[in-house]
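Annotated in Swiss-Prot:
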type	residues	note
BINDING	Asn159, Lys160, Ile161, Asp162, Gly213, Gln214, Ser215, Gly216, Val217, Gly218, Lys219, Ser220, Ser221	GTP binding site
BINDING	Cys297, Cys302, His304, Cys310	Zn(2+) binding site
COMPBIAS	23-34	compositional bias 'Basic and acidic residues'
DOMAIN	103-273	domain 'CP-type G'
REGION	1-36	region 'Disordered'
Amino acid sequence: MSKNKLSKGQERRVQANHQRRLQQRERGAAHWDDQPLGEAQEGVVVSRFGMHADVEDAAGRIYRCNLRRTLKSLVTGDKVVWRAGSEQPSGVSGIVEAVHPRRSVLTRPDVYDGVKPIAANMDQIVIVSALLPELSLNIIDRYLVACETVEVEPLIVLNKIDLLTPASRTEVEQLMAIYRRIGYRVLMVSSQTGEGMDPFREALTGRTSIFTGQSGVGKSSLLNALLPPEHEKILVNNVSDNSGLGQHTTTTARLYHFSHGGHLIDSPGVRELGLWHLAPERIARGFIEFREYLGTCKFRDCRHDTDPGCAIRGAVESGTIAHERFDNYHRIFDSMAQVNARKSF
């Protein structure tokens with residue numbers, strides 16, 4: 001069921017109250033009905049659970065907080081204004097008052113709720129793939145489109161390379177060269193043997209990153225290898241023997257800190273990242289090697305398929321654009337057509 005929409009007047013009042021709470025924090029002011037609460041302070045959301053959020057204060061302490069009903073959305077990584085409570089019923093010890101403007105936000109489409117944010121304020125999106133459950137260039141390309149759309153730098157990480165034979169390693173290196181040639185950084189690592197982990201740690205240092213990718217590619221194992229030894233280990237699931245598909249270990253996005261500097265948001269894995277909320281033009285621009293050819297096709301409404309005079313297809317045929325990327329571009333549109341067909345019923 002769709003949610004009731006606020007009127008324009010209600011939206012203005014909600015926004016005015018939100019701005020007032022941000023301004024009160026800056027002035028150190030408190031409202032009369034907030035006296036049971038402590039002073040407003042800055043915090044960061046480390047995880048979100050329904051109508052509650054875990055908020056970390058400046059000293060690294062974590063408080064489970066209620067959310068003001070006027071907050072439009074709250075996700076892991078959000079910078080917030082919150083107040084600690086004097087009592088702690090049911091483990092709740094504060095309330096989130098307001099959310100600061102986001103520097104960046106990663107989203108995904110939802111059939112019922114439109115576009116939903118996943119996490120905020122990251123400056124690097126780590127696209128984790130692996131040989132098991134399968135090496136999917138399609139999912140890598142989908143996440144690259146998402147990265148280009150939100151203008152956040154991607155890092156492609158191929159895990160479980162300890163499973164490679166010399167012959168299969170050569171084949172995988174050739175596939176990863178597709179991305180290196182167009183300017184993307186690719187790291188090949190193993191959380192089991194430690195191969196490639198030092199350059200990976202260096203790439204995460206001093207940045208706020210988010211782990212994305214398929215279920216079962218080893219994001220939790222990588223996180224365990226990156227966190228200090230004294231940190232509580234993250235639960236790890238294996239690939240299902242029955243389906244051959246990855247199983248979800250992480251169920252909600254959570255923010256972690258590295259002792260060597262930097263922060264990481266671990267997000268739940270997906271089977272396929274939907275992009276049907278994006279316009280066709282934005283998807284085409286999300287394939288960065290297409291950009292110099294966009295607008296140069298013979299026909300303005302070129303679909304970059306079998307259309308005569310298509311500049312992008314010409315670049316594929318000449319070897320300038322990889323046919324694997326071109327095929328995945330069309331797979332995205334095929335899946336969008338299937339989603340739209342289901343939504344029409």
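Cβ coordinates come from backbone N, Cα and C, glycine included.
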Q: Compare the Cα of Asn159 (GTP binding site) against each of the binding-site residues Cys297, Cys302, His304, Cys310 and report the nearest.
A: His304
Q: For Ser221 (GTP binding site), identify the closest of the binding-site residues Cys297, Cys302, His304, Cys310, judging by Cα separation.
A: His304
Q) Reported as an integer number of Å, what is the Cα distance between Ile161 (GTP binding site) and Cys302 (Zn(2+) binding site)? A) 40
Q. Just the number: how many Å between the Cα atoms of His304 (Zn(2+) binding site) and Lys219 (GTP binding site)?
A. 35
Q. For the domain 'CP-type G' (103-273), what is the mean per-residue pLDDT, to the nearest integer?
A. 87
Q. If you measure from the Cα of Cys297 (Zn(2+) binding site), which of the binding-site residues Gly213, Ser215, Val217, Lys219 is the nearest?
A. Gly213
Q: May I ask which of the binding-site residues Gly213, Ser215, Lys219 is closest to Cys310 (Zn(2+) binding site) if we compare their C-alpha atoms?
A: Gly213
Q) Rounded to the nearest angstrom, how far is the Cα of Cys302 (Zn(2+) binding site) from the Cα of Lys219 (GTP binding site)? A) 39
**Q.** Other residues, Cβ within 8 Å of Cys297, Cys302, His304, Cys310 Cβ centroid (Zn(2+) site)
**A.** Tyr293, Lys298, Phe299, Arg303, Asp305, Asp307, Gly309, Ala311, Ile312, Arg313
